[in-house]
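Engineer: Pulled from Swiss-Prot, these are the listed features:
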BINDING   12, 96, 199  [4Fe-4S] cluster binding site
BINDING   41, 74, 124, 227, 228, 229, 271  dimethylallyl diphosphate binding site
BINDING   41, 74, 124, 169, 227, 228, 229, 271  (2E)-4-hydroxy-3-methylbut-2-enyl diphosphate binding site
BINDING   41, 74, 124, 227, 228, 229, 271  isopentenyl diphosphate binding site
ACT_SITE  126  active site, proton donor
C-alpha cells in the first residue's frame with residue numbers, strides 16, 4: 001500500500017500562534033487560566049491543554065472576576081470584549097491576525113455607513129465574532145449572513161449601492177467564488193476586501209488536496225468535525241469523486257475501508273497537529289496486509305509566522 005501525504009497540511013500560523021500564547025500565559029500566570037470556546041477546533045489540542053490546567057468555557061459567568069481569560073483563535077464580538085472588561089479580567093487575545101483583518105474590514109464599513117454581507121456558516125464562533133463587530137445605529141444599517149448560493153440570490157438589503165462583503169476565513173474556495181459572483185451580479189456596486197478573506201492556509205490545503213486526488217483512490221482528512229476547514233476538505237474530496245473520510249484520530253479507521261485500496265492520501269486541517277497524521281500512518285501499517293510505503297507530495301512551501309503579543 002502506498003500512502004501519499006498532502007503538502008501543505010496541518011497547523012497554520014494562526015493555530016501555532018494561539019497555542020504559543022496559551023503556553024506563554026501558563027508560564028507567566030500559572031493555572032488555572034480560562035479560554036473562551038475551544039482555542040482551536042481540535043479535540044487532541046484541547047485535551048492536551050486541559051491537562052495543563054486550561055479551562056475552556058462558553059459563557060463569561062463561568063470565569064471568576066479577576067481571572068486570566070484568553071479569546072480563542074476564532075475571535076469574539078465587541079459585546080464579549082466589553083463584558084470581559086466589566087468583570088475586571090486579564091484579557092489576552094489569541095484571535096488569528098487574519099480573522100482580525102476581517103473584523104477591521106467590517107468595522108471600517110460600519111463607520112462608513114455601509115451595510116455588510118458576511119459569507120459564512122451560521123453558528124461558527126468566527127462568524128459570531130465577525131457579525132458582532134457591526135453596530136447598527138439605525139434600521140437601515142445591517143449586517144447579513146449569507147451561507148449559500150440560494151441565500152445570495154434571496155438576501156434583501158436596505159442599501160444595495162452602499163454595500164460591502166467579507167467572508168469567513170475557512171470556507172470552500174470554489175463555493176465562495178460562486179457566491180461572490182452572484183452578489184456581484186445582483187449588486188453591481190458591492191465592494192469587497194482588496195485581498196481575499198479566505199486565509200492562505202485554507203487556500204493552500206484545498207489546492208493540495210486537488211493535486212493529491214489524482215494520485216490516490218481514497219483520502220483521509222485528519223481533523224475534528226467542528227473544524228470548518230477540515231470539513232471543507234472532506235467535502236472537496238467527495239466533490240472531486242474520491243472516497244473521503246474525516247477522522248479525528250487513528251482509531252476511527254475501519255479495516256473494511258481498506259479492502260482493495262492500494263493508494264491512500266492523507267491531509268490534515270489547519271488545527272490538526274502532525275502527531276495525529278503519524279498515528280494514522282501507524283494505524284494503516286497495523287491494519288494493512290501489505291507493506292506500507294509513505295511518500296510526501298511536493299506542495300506550496302509555507303513560511304508565514306505571526307508574532308505573539310507580550311504576555
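Any Cβ shown, glycine's included, is placed from N, Cα and C.
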Engineer: Near residue 169 ((2E)-4-hydroxy-3-methylbut-2-enyl diphosphate binding site), meaning Cα within 10 Å, which of 41, 199, 227, 271 (binding-site residues)?
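Structural biologist: Correct set: 199.
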Engineer: Cα of residue 12 ([4Fe-4S] cluster binding site) to Cα of residue 271 (dimethylallyl diphosphate binding site): how many Å, rounded?
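Structural biologist: About 7 Å separate the Cα atoms of these two residues.
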Engineer: Of the recorded positions listed here (126, 229, 271), which is spatially closest to residue 199 ([4Fe-4S] cluster binding site) when Cα positions are compared?
Structural biologist: 229
Engineer: List, in sequence order, the residues of the same chain other than 41, 74, 124, 227, 228, 229, 271 whose Cβ lies within 8 Å of the centroid of the Cβ atoms of the recorded isopentenyl diphosphate site.
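Structural biologist: Not counting the recorded site residues, we get 40, 126, 170, 224, 226, 230, 269, 270.
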Engineer: Taking DSSP three-state, what's residue 271 (dimethylallyl diphosphate binding site) in: helix, strand or coil?
Structural biologist: coil
Engineer: Of 41, 74, 229, which binding-site residues come within 10 Å of residue 126 (active site, proton donor), going by C-alpha to C-alpha distance?
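Structural biologist: The binding-site residues close to residue 126 (active site, proton donor) (Cα within 10 Å), listed in sequence order, are 74.
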Engineer: Between 41, 74, 124, which of the binding-site residues has its C-beta surrounded by the fewest other C-beta atoms within 10 Å?
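Structural biologist: Each of the binding-site residues 41, 74, 124 was scored; lowest Cβ tally within 10 Å is 124.
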Engineer: Max Cα distance spanning 41, 74, 124, 227, 228, 229, 271 (dimethylallyl diphosphate binders), Å?
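Structural biologist: Those residues reach a largest Cα separation of 15 Å.
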Engineer: Inside 8 A of the center formed by the CB atoms of 12, 96, 199, which other residues of the chain have their CB, for the recorded [4Fe-4S] cluster site?
Structural biologist: 13, 14, 15, 73, 97, 98, 99, 169, 170, 200, 201, 202, 270
Engineer: Rounded to the nearest Å, what's the C-alpha distance separating residue 41 (dimethylallyl diphosphate binding site) and residue 96 ([4Fe-4S] cluster binding site)? Just drop the number here, would you?
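Structural biologist: Answer for this pair: 13 Å between alpha carbons.
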